[in-house]
């Protein structure tokens, strides 16, 4: 009992810390974007890149720490610096920050209300006469707009339509890490008899830092950078190719299951540990590219397309899927580890990698289908000619009605006299 309470308190504090960190990360980036009203796309891209440089540099310092004491000092220094920066910036620059609440309506509640209205109504009610000029018939969701007699504004309905188009893409972004990853949850390289490969991690971090800093100067080679959806598609194609490569390595015996299954090494029976092979460095570079696609490009696309009132919800959904990527990978990994015999034909590692290859290929096909059908949300300040004409006609009718009433009153007074 004496050891149970401290452990319970420690786990409770850790759980509270994880929730706090998640809430801060989910709300920090949308808050930073809200401060850049009227900024260019290059500045928004730079903010997203700098937002990811912090979480990238901190693990790099901890991984290369030579002792546990240095790791603890690094963690303590990060906490002190972050808390100090927040307090100082809040005290000095609070009056310059945009802190007006964005969400006047719960985004989830708005989506549910619009969908329920579309389910119950098949035809427009109290439709404006000017809407008959439109060539295309309104969809079920469009019936909720006020110009078709619905209870929602046109902006609210368009926000819901954009969110519904984004949901499947956000799920695909969250699954990127699950269909490619060499280490399952709660299992380190030592469990498989492998080295931890800190040299490979160092190379991956340096490669990723240089790559992100080059992207920050994209104004010099803008014409060579594809669109965000194309970059994400290229990342999915890379995952499919690498998973197929690993499947081929499993067939020829260079990627066995068990103690060597996850580290791409050649086992030496005369030594207690396997020797790292060059595949480990290759794999870390691929993981760096996948990390960039999932953490930077995907988030940039979500923030560019997501309605302002739903940014926190979308980023929260993406962050939740990102945290669960190891668990999803473990769900795929567990049946082959526990329920398939080790002396199975071609080895059970081959079938696990084949499953990852098939899943990544199906996910790529689904992404291509959704990307081709996706309609980009372009926010332009347009002159609402139909609305102006409708308001003018309504004012004319009201003035005419008021004139008729005044004329009738004046004529009745003249008759009494």
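Even glycines carry a Cβ here, placed using N, Cα and C.
Predicted, not measured: the structure shown is a model, and the values here were computed from it.
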Matching range for TrEMBL feature annotation, transmembrane segment, among 127-147, 232-252, 253-273: 232-252
Contact call for the transmembrane segment (315-337) against the transmembrane segment (166-183), three or more Cβ pairs under 8 Å: yes
Candidate ranges 166-183, 232-252, 285-303 - greatest C-beta contact count to the transmembrane segment (349-370) (under 8 angstroms): 232-252
Folded-back contacts onto the transmembrane segment (166-183), same chain, C-beta under 8 angstroms, at least six residues removed: 189, 232, 235-236, 239, 242-243, 262-264, 283, 286-287, 290, 293-294, 298, 301-302, 305-306, 314, 317-318, 320-322, 324-326, 328-329, 332, 356, 359-360, 363, 366-367, 370-371, 374
